[in-house]
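So the structure is just underneath, and the comments pick up after that.
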């Protein structure tokens, strides 16, 4: 009869229904791995993107801001404020994420929900305050945020990997 051994270390005997011994399993959860690479990358890219958008808006607006109608001024203030708050939340989330803090999963859920809500409000303001017809380009970021939230919020709430990785 053939013995089953851990596929990672190749030393310890294990039952047929698992791949790794207990030690190797614990080691694999001590670092960020598996599907968690995707939210890690998206959080970092989100910081870069938000910094770029804020910088672009802040650099171009002083020239035109006072000449804009009130509803456009309101929209720009909303965009700058919401992006700045989202940037702070994203930076906090990244810090807790890479420290593998117990707070990281909740912050990730908050980040994804906040991002979706802000994108939804932006589309609402574009259509109702600025009176711009909703187009594919206007609604695409909101649809992407909804799909992303629908995938990652349940993952962060129920994943065994998340529960075993974020323990500090």
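Using the three backbone atoms N, Cα and C, a Cβ is placed for every residue, glycine included.
Long-range contacts of the transmembrane segment (35-54) within its own chain (CB-CB distance under 8 A, at least 6 residues past either end) are made by residues 80, 83-84, 86-87, 90-91, 93-94, 97-98, 108, 111, 115, 148, 152, 155-156, 159, 161-162, 165. Taken from TrEMBL, the feature transmembrane segment covers 35-54 (among others).
Annotation comment: TrEMBL describes 74-98 (among others) as transmembrane segment.
Within its own chain, the transmembrane segment (110-133) has Cβ neighbours under 8 Å at 43, 46, 71-72, 74-75, 78-79, 82-83, 85-86, 89-90, 93, 139, 141-142, 145-146, 148-149, 152-153, counting only residues six or more beyond its boundaries. Look at TrEMBL and you will find 110-133 (among others) tagged as transmembrane segment.
The transmembrane segment feature in TrEMBL is assigned to 139-158 (among others).
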Chain residues outside the transmembrane segment (74-98) and at least six past its termini with a C-beta under 8 angstroms from it: 32, 39-40, 43-44, 46-47, 50-51, 53-54, 57-58, 61, 65, 68, 104, 107-108, 110-111, 114-115, 118, 121-122, 125-126, 129-130, 166
